[in-house]
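So the structure is just underneath, and the comments pick up after that.
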Amino acid sequence: MWQRNQTFLADFILEGLFDDSLIHLFLFSLTILVFLIAVSGNTLTILLICADAQLHTPMYFLLSQLSLMDLMHVSTTIPKMATNYLSGKKTISFVGCATQHFLYLSLGGGECLLLVLMSYDRYVAICHPLRYTILMNRKVGLMMAVMSWLGASINSLIHTVILMHFPFCGSRKIHHFYCEFPAVVKLVCGDITVYETIVYISSVILLLLPIFLVSTSYAFILHSVIRMHSAGSKRNAFATCSSHLIVVSFWFGACIFSYMRPRSQRTPLQDKVGSVFYSIITPTLNPLIYTLRNKDIAKALRRVLGRDILTQRQQLPFP
């Protein structure tokens with residue numbers, strides 16, 4: 001019995017993204033650079049929204065939650081990949097793999113739900129501006145955030161517990177750079193057709209249903225924007241919504257590519273490319289898209305920087 005438990009809890013081997021070649025060393029360095037940009041960009045967005053009182057609105061509160069999810073998402077996968085590459089080790093413990101699987105699945109599912117709620121926020125702001133403070137107050141925004149985190153965490157916990165209770169065969173080598181579901185499930189022994197069907201249904205609920213809801217929200221938004229008489233209002237509405245749609249398209253496109261293709265059409269390389277896109281590239285682009293195209297964020301940055309400069313000047317020992 002003890003020997004069986006030891007085998008069950010044995011370490012996994014992560015294949016990783018890179019080998020020891022010069023070109024892969026360059027790609028590894030580029031990945032670390034992108035990781036640092038993602039961490040700094042999302043951290044800056046969160047700090048700005050917390051520091052500037054004018055950004056304490058439901059829209060920016062939800063944006064801060066998106067940045068927090070992106071920050072945690074890249075921190076769940078990249079540091080372990082970098083540590084294994086630099087140390088030459090490729091192992092990850094059973095508990096570490098289960099934890100990584102739970103975290104990335106929770107954050108991914110939470111982001112899917114949060115993007116839907118953010119599109120609803122924009123729908124209310126543009127289609128019902130006079131009722132915005134009633135329909136979207138701080139309490140509603142907080143409830144939306146809690147729903148995203150809690151719903152995704154429960155879903156992830158169920159899938160992680162079920163997956164990690166299956167017996168694993170062979171070398172326990174995961175052809176990936178982290179414990180992503182499609183790569184881990186390939187190591188499972190026995191027939192898991194029923195479970196894969198359940199996972200597919202869960203993917204439909206967390207991917208296709210949100211896409212439908214987001215599309216519906218923006219259909220109403222587009223209809224309202226076309227009817228606007230002010231050219232300035234149209235530009236502001238299109239600027240805000242287009243940035244959101246870019247994020248949604250990148251995120252859901254990569255997730256559908258990774259999770260809704262039949263197993264027969266999957267290859268380890270394709271799984272890695274899809275994962276790199278939604279676990280590294282998208283969290284890096286999100287703060288850039290939102291901050292570069294958002295005048296409120298730019299003004300908040302100038303206010304915070306101006307306030308810090310003024311404080312430093314006041315502390316100087318003038319004669």
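Cβ coordinates come from backbone N, Cα and C, glycine included.
Feature annotations, reproduced from TrEMBL:
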| type | residues | note |
| --- | --- | --- |
| TRANSMEM | 22-48 | transmembrane segment |
| DOMAIN | 41-290 | domain 'G-protein coupled receptors family 1 profile' |
| TRANSMEM | 60-82 | transmembrane segment |
| TRANSMEM | 102-120 | transmembrane segment |
| TRANSMEM | 140-162 | transmembrane segment |
| TRANSMEM | 198-225 | transmembrane segment |
| TRANSMEM | 237-260 | transmembrane segment |
| TRANSMEM | 272-292 | transmembrane segment |
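Listed by sequence, the residues of this chain that lie at least six past the ends of the transmembrane segment (22-48) yet keep a Cβ under 8 A from its Cβ atoms are 55, 63-64, 67-68, 70-71, 74-75, 78, 82, 85, 280-281, 283-284, 286-288, 290-291, 297, 300-301, 304. Within the model, the domain 'G-protein coupled receptors family 1 profile' (41-290) shows a mean pLDDT value of 86, rounded to a whole number. For the transmembrane segment (272-292), the neighbouring stretch richest in Cβ pairs under 8 Å, chosen from 60-82, 102-120, 237-260, is 237-260. Residues of the same chain lying 6 or more positions beyond the ends of the transmembrane segment (102-120) and with a Cβ under 8 Å from any Cβ of it are 59, 62-63, 65-66, 69-70, 72-73, 76-77, 144-145, 147-149, 151-153, 155-157, 159-160, 178-181, 206-207, 210, 213-214, 217-218, 244, 247-248, 251-252, 255, 278-279.
Same-chain residues lying 6 or more positions outside the transmembrane segment (60-82) and placing a CB less than 8 Å from one of its CB atoms are 14, 16-17, 28, 31-32, 35, 38-39, 42-43, 45-46, 49-50, 92, 96, 100, 103-104, 107-108, 110-111, 114-115, 117-118, 121, 138, 141-142, 144-145, 148-149, 177-178, 279-280, 282-284, 286-287, 290, 296.
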